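Notes follow the structure.
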Amino acid sequence: MENSLKSSGKPLAAPKVGMVSLGCPKALVDSEQIITQLRAEGYEISGTYDGADLVVVNTCGFIDEAVQESLDAIGEALAENGKVIVTGCLGAKKSASGSGLIAEVHPKVLAVTGPHAVGEVMQAVHSHLPKPHDPFVDLVPAAGIKLTPRHYAYLKISEGCNHRCSFCIIPSMRGELVSRPVAEVMLEAENLFKSGVKELLVISQDTSAYGVDVKYRTGFWNGRPLKTRMTELVGALGELAAQYGAWVRLHYVYPYPHVDEIIPMMAQGPLKGHVLPYLDVPFQHAHPEVLKRMKRPANAERVLERVQKWREICPDLTIRSTFIAGFPGETDAQFETLLDFIRDAELDRVGCFAYSPVEGASANALDGALPDDVREARRARFMEVAEEVSAARIARKIGKTLKVLIDEVNAEGGIGRTAADAPEIDGVVYVEPAAKASKRYKVGEFVSVKITGADSHDLWGEV
């Protein structure tokens, strides 16, 4: 999420806190939890720097560009406001000297915490901006304070990760996997649906590993036992979504064997149309030698077989993935294997990063580092092939009538998304204005749209 605080406005006497949220959806959920707690304690949220008594900056520290963006945002907040508390992944990052990076670059910050640290952030806020005496807890909705539009929300089911991928430093910043109690997750989901959310995006560092840390302990929801495991959680969320006519979308699904159990829920039975036929699976590469150096599962042939089997069971399945091109030691032949994989798997939506060393990642010690121009050329070539595959798949939708969730309405019509499109990262559907009053649509509504055109990313249609 971009920094949305701007300079202007008048100073306000009430205790107000500004919030800058950077990074991934997991960080966004952390920001929402902080804002919810602030509101619960009677603080108000300011949309400007100079309208705030204090600013909290939630940072990202995954890649060098994100680190710099976070450091710049902290600097801007210090310049515009002066009282800044920093939280998030960058807070856990050390500098070359071994001290905290943020404190070294920006020594004037009031406090620094790591990610998923609502309690520590609130302690820092209390120290520098004492809370009001009479908090109005009833002013905070049961669903909490959200930074997303009212009709969709992220549901974080766990924190941390047990994997040790050589290119990643997330575990060193967010720690080992910690799964939320299943009843707590279900209660949050229910409150979100009750508040009008029509699409719930399930996120974590590793959604498929949900419950591993508690040995799939059995919890209880609505008086019945419910195992703390991805399969059972998705089934329960799908049942809940069906009651509200809503969608559940799965992100960060590591391809464990039990993911196969989810596909039939998407394809048939009462959960069809509610557990969306959509999987965000971070494959990262397809050649076994590269995957081995990445410390990722290395059976690409088996993965391709599974993808093809998933599509047999659920022909409408959309698969999104992310890849790294130019990883240390990647040969021309290994890169071609990667291109063959995305063609054969017919991946619908893909993103690709040119490999970039991340401070603290074990991949930095690998031999065979490739020049910047080679890495970037491979990324560009990868995206050319990926767009060809995507364009071919998306063209098949022309002439079909699809269910679309409207995100925006303007003078030119509407902008929405199908079951195949997650917000912000996938394509959209441009919907023509309704010709009749009976067909007019609003933000947050589902409408049936006949698809009339497509490119490699987006669709066009009419109600």
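Cβ coordinates are placed from backbone N, Cα and C, and glycine is handled just like the others.
Mean pLDDT for the domain 'MTTase N-terminal' (15-130) in this predicted model: 87. Positions annotated as domain 'MTTase N-terminal' by Swiss-Prot: 15-130.
As annotated by Swiss-Prot, [4Fe-4S] cluster 1 binding site applies to Cys24, Cys60, Cys89, with the evidence given as sequence analysis. In sequence order, Leu22, Gly23, Cys24, Ala27, Ala66, Val67, Glu69, Ser70, Gly88, Cys89, Leu90 are the residues of the chain that are 6 or more apart from Cys60 ([4Fe-4S] cluster 1 binding site) and have a CB within less than 8 Å of its CB.
Annotated domain 'Radical SAM core' per Swiss-Prot: 147-392, in sequence order.
According to Swiss-Prot, the [4Fe-4S] cluster 2 binding site annotation covers Cys161, Cys165, Cys168. Taking Cβ-Cβ distances under 8 Å and a sequence separation of 6 or more, the neighbours of Cys168 ([4Fe-4S] cluster 2 binding site) in its chain are Phe62, Val358, Ala361.
What Swiss-Prot lists as domain 'TRAM' is 395-463, and the listing cites sequence analysis.
Apart from Cys161, Cys165, Cys168, the [4Fe-4S] cluster 2 site neighbourhood in this chain, defined by C-beta within 8 angstroms of the site C-beta centre, holds His163, Arg164, Phe167, Ile169, Ile170, Pro171, Gln205. DSSP places the residues of the domain 'TRAM' (395-463) in helix, strand and coil in these numbers: 4 helix, 31 strand, 34 coil. Summarised by DSSP class, the composition of the domain 'MTTase N-terminal' (15-130) is 53 helix, 25 strand, 38 coil. A C-beta separation below 8 Å, combined with a sequence spacing of at least six in one chain, links Cys165 ([4Fe-4S] cluster 2 binding site) to Gln284, Met294, Lys295, Arg296. Counting only residues at least six positions away in the same chain, the Cβ atoms of Ile170, Pro171, Arg174, Glu176, Leu177, Gln205, Asp206, Ala209 sit under 8 Å from the Cβ of Cys161 ([4Fe-4S] cluster 2 binding site).
Compute the center of the Cβ atoms of Cys24, Cys60, Cys89, which mark the site for [4Fe-4S] cluster 1; besides them, the chain residues with Cβ within 8 Å of that center are Leu22, Gly23, Lys26, Ala27, Thr59, Gly61, Phe62, Ala66, Gly88, Leu90, Pro115. Figure note: comparing Cβ neighbours within 10 Å for the binding-site residues Cys24, Cys89, the maximum is reached by Cys89.
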